[in-house]
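Feature list (source: TrEMBL):
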type     : residues  : note
DOMAIN   : A:231-447 : domain 'ABC transmembrane type-1'
TRANSMEM : A:49-67   : transmembrane segment
TRANSMEM : A:132-151 : transmembrane segment
TRANSMEM : A:163-186 : transmembrane segment
TRANSMEM : A:193-210 : transmembrane segment
TRANSMEM : A:230-259 : transmembrane segment
TRANSMEM : A:271-291 : transmembrane segment
TRANSMEM : A:311-329 : transmembrane segment
TRANSMEM : A:359-380 : transmembrane segment
TRANSMEM : A:427-451 : transmembrane segment
Amino acid sequence: MQTSTLFALLLLLILVAYGAGISRALTVAHKRGGLRKLAALPGYYGSYTALWCGLPALLLLGTWLIFDDAIIRALVMDRIADKPDTIAGQNLLYAQIQNLASGRLIGDAAPQLQEAALQLNRLRTGSRNLQAALSLILAVGLGAFALLRFSPELRAREKVEQVLRWVLLTCACAAIFTTVGILLSVLFESLRFFQTVSLTEFLFGLHWSPQMALRADQVGSSGAFGAVPLITGTLMVSVIAMFVAVPVGLMSAIYLAEYASKRVRALAKPVLEILAGVPTVVYGFFAALTVAPFVRDLAASLGLQASSESALAAGLVMGVMIIPFVSSLSDDVINAVPQSLRDGALGLGSTRSETVRKVVIPAALPGIVGGVLLAVSRAIGETMIVVMAAGLTANLTANPLESVTTVTVQIVTLLVGDQEFDSPKTLAAFALGLMLFISTLMLNFVALHVVKKYREQYD
Amino acid sequence: MTDTNRNLTQEQVRQRIEQHLASRHRKEKVFRGLGIASVAFGILAVLVLFTDIISKGSGAFVQSAIQLEVTYDPLVLGIDKVDEESLTWANFTGVIREALRERFPKVQSRSEKRELYSLVSSGAPFTLRKRLQSDPELLGKTQTVWLTADDDVDTFVKSLSDSKEGFRGRTSDQKAEWIQQLIDSGELKKRFNTTFFTQGDSREPEQAGIRAALLGSFFTLLVTLVLSFPIGVAAAIYLEEYAPKNKWTDLIEVNINNLAAVPSIVFGLLGLAIFINFFELPRSAPLVGGLVLTLMTLPTIIISSRAALKAVPPSIREAALGLGASRMQTIFHHVLPLAMPGMLTGAIIGMAQALGETAPLLMIGMVAFIVDVPTGITDPATVLPVQIFLWADSPERAFVERTSAAIMVLLSFLIAMNTAAVLLRKKLERRW
């Protein structure tokens with residue numbers, strides 16, 4: 001039976017169970033003389049029966065679907081006498097068997113493989129039948145059990161609510177599952193990467209050219225995995241972005257909060273927010289096709305040599321992207337500074353700008369610093385702009401007119417397209433991802449801590 | 001005040017104060033000017049970005065087409081009846097070439113002919129095939145048809161309006177002359193570009209469209225919405241209404257806040273390692289894309305849903321509880337309906353974010369070159385932002401125009417979604 005039909009069948013069963021629960025409750029109530037004799041409303045008896053019927057069966061089906069492929073593979077591979085030693089070889093062999101089994105591979109194959117393919121098909125059919133039978137039996141059986149257990153004294157509502165509460169808790173834990181998932185996925189692959197490339201080489205090596213040899217005696221076969229050029233490239237682009245975003249964002253937040261009339265504020269703020277809503281791929285296109293040539297021509301007219309994929313262009317556009325981020329975060333903290341502080345300063349005769357510079361900003365500083373840190377973490381993790389507008393070659397330079405590459409660009413270039421999962425080249429992307437995750441996590445952590453601490457001050 | 005000050009006359013003191021005051025006021029003006037300049041810079045950036053995209057992309061909504069007298073000659077086509085099999089083999093290219101030679105009878109040499117044939121898009125034979133398929137009577141007859149021009153021709157024609165010379169590119173003098181002739185006689189016109197909205201991706205700019213990408217985006221967002229909205233709302237309910245204040249809850253909260261700031265590309269790594277390598281879900285599928293985007297948008301939805309729940313006054317809960325409703329009944333019958341508009345607003349904003357996201361989808365293989373329009377959530381597909389990324393990489397000049405047009409479509413969807421969110425909030429949100 002197809003999995004989708006099985007699902008549909010289960011859903012149908014659940015509906016039937018719901019109806020049966022309700023009608024059972026209604027008949028019993030009728031006999032006893034009114035709904036008041038029941039411990040819960042009939043709908044809850046329906047849900048109760050439906051939960052018994054559906055939940056265990058669906059859970060079983062889910063676990064089955066997750067693990068069946070792995071188990072079948074283990075069973076099939078177990079039978080094969082002379083397996084290749086490497087994981088890649090085994091993968092290849094298994095893929096061959098799979099193709100044989102589905103009839104996509106026609107031709108002569110070793111009898112051993114033919115047999116394995118037959119076995120694979122047998123196991124698959126068996127597994128599918130067993131899964132259908134088991135989950136249907138479970139659904140019907142437990143649904144019937146719930147119906148049999150029915151009594152007017154049964155506190156169905158409490159039970160249903162208990163289950164619902166667990167469901168809510170599970171959903172709330174989704175965030176934790178995600179974090180654990182991210183950590184596990186990058187950690188495992190990174191550990192495998194660090195088995196071939198040492199941690200010190202990765203962190204302090206000055207050369208990045210991630211290629212692996214096809215043959216052992218190939219020229220330049222070693223490949224270099226020194227992440228320093230990537231880190232400096234990332235930092236350079238981020239610093240340029242911050243040079244644009246922080247002054248502009250902060251000053252516009254100050255102007256809108258302290259000077260602008262209500263009308264100007266109502267008009268200018270949404271326009272600035274538009275910048276935050278534009279997808280990054282659009283900024284990337286803009287950077288690559290409009291800003292980068294402009295920067296190159298401008299540099300040429302000044303007698304400078306600029307690459308057409310300069311760090312400056314990517315950084316400038318990234319800065320524009322981050323402006324609304326900085327300005328809305330600073331706006332929040334500036335507005336949180338109590339009016340009495342401003343009134344005090346103005347009352348002592350200071351001008352508005354003096355009030356802002358000497359009173360408001362120092363009071364809001366921790367919040368602003370926190371906001372800037374968040375903005376930095378965003379700049380470091382930004383991908384599309386640099387993928388489209390910055391270069392691919394790792395270049396250890398301090399000249400913003402040259403092309404540099406960043407951590408995110410390398411992750412994308414290493415992972416787009418077909419990969420094999422045991423070459424250091426692919427695994428390097430995960431190591432870079434781990435580095436990115438840890439650094440942004442730390443920045444966020446510090447930033448949130450600073451912002452939170454500051455907010456409590458005036459509350 | 002120091003002794004020196006005491007010796008000054010009143011006039012001198014006033015002068016000093018005025019000088020000082022003048023410089024302070026000057027500083028005030030400069031500061032204010034900087035503020036105005038910053039706001040202006042931001043607004044200017046928006047304007048430049050939009051005018052740049054619109055000026056580059058508006059051309060893509062029209063496309064040059066060439067009018068030709070086409071004869072469905074059975075001899076040239078090499079078929080004698082119209083059916084499935086003969087249509088696959090029929091030589092429609094020959095028919096078009098014949099028509100072009102008839103239109104420009106002076107063309108003799110081989111290289112000239114090649115030039116001539118390249119006036120019409122390589123997709124034009126399919127147009128003819130479709131026509132013949134829908135009307136088999138046409139076989140042996142002559143018909144006037146508009147055929148899509150090649151992208152080089154299109155680019156040249158469009159650039160003519162900017163300057164007299166126009167952008168030549170690969171267009172030779174001879175070809176330019178023919179094009180001019182066709183324009184003068186009204187046989188070459190710019191018509192609304194339906195291909196752009198009805199076709200999938202193509203290597204030929206004049207045949208490339210965004211339909212496949214739009215549907216891919218639709219399926220991906222569908223998966224995202226179906227998963228992230230219920231899970232996000234449930235999580236928000238638990239955290240806001242049930243969670244005891246303890247370390248466990250704190251951990252969940254810190255996690256949500258941190259996830260909201262994790263770079264999107266890291267979610268792509270998660271999708272690649274877990275969904276594709278571990279669970280062996282199909283590559284390039286909207287299903288996986290939707291799962292990854294769900295994880296990405298969950299924090300946004302949870303945070304906004306919690307704010308919406310918080311905004312419902314406690315008196316509502318107390319009234320319901322006081323009338324004997326259980327906690328769950330209070331929440332699902334009273335609090336949730338009141339918080340729904342706020343939650344929906346958050347969901348729309350989260351969906352808008354997901355619609356514009358590119359980086360994580362590159363990781364899970366949605367970047368492949370896919371021509372077919374997807375029909376389900378497990379078909380290989382690409383999404384609109386990824387399509388933009390792919391086209392932006394293509395060298396043909398005509399693709400720049402189409403990339404910008406695709407960006408315009410994407411931006412109009414985003415603007416529509418955000419406007420809907422704002423309107424929804426204004427219309428349905430209650431203030432207590």
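Glycine residues also receive a Cβ, built from the backbone N, Cα and C atoms like all the rest.
Listed stretches A:193-210, A:230-259, A:311-329, A:359-380 were compared with the transmembrane segment (A:427-451); the greatest number of C-beta pairs under 8 angstroms is found for A:359-380.
If one looks beyond the transmembrane segment (A:132-151) by at least 6 residues along the same chain, the residues whose Cβ comes under 8 Å of a Cβ in the stretch are 1, 6, 9-10, 13-14, 16-17, 20-21, 24-25, 28, 45, 48-54, 56-58, 60-61, 64.
Only residues 6 or more beyond the boundaries of the transmembrane segment (A:230-259), in the same chain, are considered here, and those with a CB under 8 A from a CB of the stretch are 208, 265, 268-269, 272, 311-312, 314-316, 318-328, 330-331, 334-335, 352, 355-356, 360-361, 368, 372, 375-376, 379-380, 386, 390, 394-398, 400, 404-408, 410, 432. Nonlocal intrachain contacts for the transmembrane segment (A:163-186), taken as residues 6+ away from its ends with a CB within less than 8 angstroms of a stretch CB, comprise 51, 55, 430-431, 433-434, 437.
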